[in-house]
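*Asks:* Copied straight from TrEMBL:
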type: TRANSMEM; residues: 34-54; note: transmembrane segment
type: TRANSMEM; residues: 66-85; note: transmembrane segment
type: TRANSMEM; residues: 161-182; note: transmembrane segment
type: TRANSMEM; residues: 188-209; note: transmembrane segment
type: TRANSMEM; residues: 277-301; note: transmembrane segment
type: TRANSMEM; residues: 321-343; note: transmembrane segment
type: TRANSMEM; residues: 369-390; note: transmembrane segment
type: TRANSMEM; residues: 396-417; note: transmembrane segment
type: TRANSMEM; residues: 474-493; note: transmembrane segment
type: TRANSMEM; residues: 505-527; note: transmembrane segment
type: DOMAIN; residues: 537-586; note: domain 'Cationic amino acid transporter C-terminal'
type: TRANSMEM; residues: 539-558; note: transmembrane segment
type: TRANSMEM; residues: 564-584; note: transmembrane segment
Amino acid sequence: MVRQFSPWKVLTRRKHLQPDGSEGESKLNRVLGLWDLTALGVGSTLGAGVYVLAGQIAKDQAGPSVMISFAIAALASLLAGVCYAEFGARVPKAGSAYVYSYVCIGEFVAFVIGWNLILEYVIGTASVCRGISLYLDSLLNDTLKNTFAEVAPMNVSFLGSYFDFLAFGLVVVFGVALAFGVETSTMANNFVTCLNIFILGFVIIAGAIKADFSNWSVDPSTVSTNSTIGSGGFFPYGFEGTLRGAATCFFGFVGFDCIATTGEEVRNPRKNIPKSILLSLLIIFLCYFGVSTVLTLMLPYYLQDANAPLPYAFEYVGWPVAMWIVTVGGLVGLMASLFGALFPLPRVMYSMAQDGLLFRFLGKVSPRFRVPVTGSIVAALFTAAIAGLFDLAQLVSLLSIGTLLAYSVVAISIMLLRYMDYCDVEECPGQREVRASETTSLTSSTERFTFGSVCTQLFNVHRVQEPNAISSRIVGVLATLFCLLSLGVGVLIMQAHHLIASKEIWALTLLSILVLLVFLVILLICLQPREARRRLFRVPFVPIVPAISIFINIYLMLQLDSWTWIRFGVWMIVGLSIYFFYGLPNSYREMKRQRAGWQKLKYSDRL
C-alpha cells in the first residue's frame with residue numbers, strides 16, 4: 001500500500017537531476033552557439049534604454065556623472081549575472097530561474113518564480129511593441145494614433161484609449177516566426193543586433209569628435225534657464241543623485257537573463273551559457289558607458305531631451321545626417337529588443353508544462369520543428385492582446401518585481417547549492433532510493449537533529465569538510481535570516497535615512513545592530529562545509545557575492561510603489577489558483593507514481 005504524502009512534502013519537493021546536471025536528452029533542437037546567445041542577450045537589453053535612458057538620468061538625476069551611475073549598475077548586474085552563469089553551467093535546462101529554484105529550494109517557490117518570469121516577459125514584450133508603435137507614430141505625425149482611435153476607440157478606465165493594431169500585429173508576426181524556425185529567427189536577430197551595435201559605435205565615435213569637456217564643469221551662476229540644474233560640475237545633484245541614477249540604470253541591464261532560458265537549445269551549454277552571459281554584460285556596459293559619456297560631452301546635461309536625447313544632441317551640434325542615422329538606430333534597437341523579450345517566454349512555459357505545473361499542451365514539442373509550437377503561439381496571442389489593449393505606462397514597473405525576485409532567488413539558490421549535501425540534489429545511485437521521490441529541503445536528513453548537534457555544526461567545531469544534512473539545513477535557515485535582516489536594513493534606510501544622516505542615536509544603534517547581525521550570519525555561513533570544487537564555472541567569493549546581490553535586489557524592490565505591489569498581488573492570485581487546482585494535484589500523483597515504482601523495484605530486488 002502506498003503511503004500518503006503531506007501537502008508540505010509536495011510543496012517543497014525538489015527536481016532531481018542526473019549526476020551530470022541534466023534530466024536526459026533534450027527534446028528541443030540544439031542550434032544556438034556562443035555568438036547567437038551573446039546577440040540574444042545584447043539585443044534584448046540594448047533596446048529603447050540606450051537611446052532614451054542616458055539622457056533622462058543625466059538631466060534629472062545624475063548630470064555628467066551618469067557614466068558612473070551606469071558603472072555602478074553594471075557591477076550590480078554582474079553580481080546577478082555570475083549567479084546565472086554558474087547555474088547555466090550546472091543546470092543547462094530550459095526555464096532559467098524557475099529550474100534553478102526547483103533544484104535548490106522547492107516546487108512552490110519554483111512556481112512563484114516561473115509565474116513571475118512569465119509576467120516579466122509578457123509585459124516586457126508588450127511594452128516594446130507599444131514603444132515601436134509610438135516611435136513610428138512620432139515620425140508619422142500621429143497618423144497611427146489618430147487612425148486607431150477612429151477605428152477602434154476604447155472608453156474603459158484601465159485600458160488604453162484605443163486598440164493598437166500595430167503592436168498586436170508585431171507580436172503575432174514575431175511569435176509565429178519564432179514558433180516555426182529558431183535558427184532562421186536567430187540569424188535575423190544576429191543581423192539586427194550587429195546593426196544596432198554598429199550604430200551605437202557610430203554614435204560614440206561621432207560624439208567624441210564633437211566633445212566639449214567644459215560641459216562637465218558647468219557653473220550654475222552663468223546659466224539662465226528655467227530647468228533645475230543643481231549645483232553644476234560633474235556631480236550637480238551630489239553623489240546621492242548618482243546613486244539614484246544607478247538604481248534607474250540597473251533596469252537598463254534587464255534582459256540578459258533570457259540567455260538562461262535557452263539551455264536545451266544550445267550547443268555545449270556548460271561553456272557557452274556562462275561565456276555568453278558575461279560577454280553580453282560587457283558589451284552592454286561598454287555601449288551604455290560610451291553613449292552616456294559622449295552625450296554629456298556634446299551638450300550640457302540640463303539641455304538634454306528626456307524623450308529623444310541622441311537625435312537632439314546631434315541636431316544641437318549641427319549634424320542632421322547623424323540625427324537621422326540615430327533615429328533609425330532607435331527603431332532597429334527596439335526590433336532586437338522585441339525578439340529578445342519574446343524568445344524566452346514559451347521556453348519558461350514549456351519547462352513548467354513539462355513538470356505538470358502548467359497545462360500540458362503548452363509543453364508539446366513539434367517533432368518537425370523541435371520547438372514548443374503550441375506554447376509559442378499561445379504566448380504570442382496572449383502577449384499580443386495585452387500589447388493591443390493596455391496602456392502600459394503604469395504596468396512597466398511590474399517588470400521590476402518579476403526581474404528582481406528572480407535575481408534574488410537565483411542568488412539564494414547559489415548560496416544553498418554551494419553548501420548543500422549533494423545527495424539531496426542529484427540522484428546518488430544506491431543511496432536513499434526510497435525517499436528519492438519525496439526529497440524536500442526540510443525532510444531530507446537521516447541524521448538526528450538535536451540542540452547539541454546543531455550548535456556544534458553551527459560553529460563547525462569538528463571542522464567537517466563535506467556538507468551533510470545538518471549543515472545544509474543550517475545554511476538554509478541562515479540564508480532565510482539574512483534575507484529578513486536585509487529587508488530590515490532596507491526598510492530602515494528608506495524610512496529613517498534623514499534620522500541616520502542627522503545622527504539620531506536610536507536610528508544609528510538599530511542600524512548598527514542589524515548590520516552586525518548581517519555580518520554574523522555571513523560569517524556563520526562561511527564556517528559551514530562546502531561541496532567539492534568542480535571544473536565548471538563557479539561564482540567567486542560565495543557567500544559574499546550572492547549576499548550583496550540579494551541585498552541590492554531587496555533594496556530596489558522596496559523602491560516600488562504600492563500600486564505595483566497590488567497589481568503584483570492580483571497576478572499572483574491568478575497563478576496560485578492554477579497551481580493549487582492543477583499543478584499541485586499533478587505533483588501529488590507524480591510522487592505517488594514514483595513511490596509506487598520504488599517500492600515495486602525494492603520488492604523485485606528482494607525476490
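Glycine is treated like the rest: Cβ placed from N, Cα and C.
Automatic prediction, not curation, is the source of TrEMBL annotations.
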*Asks:* Tell me the residue counts in helix, strand and coil for the domain 'Cationic amino acid transporter C-terminal' (537-586), as DSSP assigns them.
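*Replies:* Looking at the domain 'Cationic amino acid transporter C-terminal' (537-586) with DSSP, the answer is 40 helix, 0 strand, 10 coil.
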*Asks:* The transmembrane segment (564-584): which same-chain residues, six or more beyond its ends, come within Cβ distance under 8 Å?
*Replies:* 7, 10-11, 108, 111-112, 115-116, 119, 356-359, 395, 397-398, 400-401
*Asks:* Can you name the far-off residues of the same chain, 6+ from the ends of the transmembrane segment (369-390), with a Cβ under 8 Å from a Cβ of it?
*Replies:* 27-29, 121-123, 125-126, 129-130, 154, 158-160, 163-165, 167-172, 174-176, 178-182, 342, 345-347, 349-350, 353, 361-363
*Asks:* Top stretch among 34-54, 161-182, 188-209, 539-558 for CB pairs under 8 A with the transmembrane segment (505-527)?
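*Replies:* The stretch with the most contacts is 539-558.
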*Asks:* How about the transmembrane segment (34-54) and the transmembrane segment (277-301): do they have 3 or more C-beta pairs under 8 A, pairs 6 or more apart in sequence?
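*Replies:* Yes, the transmembrane segment (34-54) contacts the transmembrane segment (277-301).
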*Asks:* Should anything in the same chain at least six residues away from the transmembrane segment (539-558) have a Cβ under 8 Å from its Cβ atoms, list it; otherwise answer none.
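*Replies:* Tertiary neighbours of the transmembrane segment (539-558) are 76, 79-80, 82-83, 85-86, 247, 250, 400-401, 404-405, 407-408, 411-412, 414-415, 418, 482-483, 486-487, 489-491, 493-494, 522, 525-526, 530.
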*Asks:* By a Cβ-Cβ criterion of under 8 Å, what residues six or more beyond either terminus of the transmembrane segment (161-182) are in contact with it?
*Replies:* 29, 31-32, 125-126, 129-130, 132-133, 136, 144-145, 148-149, 151-154, 188, 265, 338-339, 342-343, 346, 369, 371, 373, 376-377, 379-381, 383-385, 387-389, 391
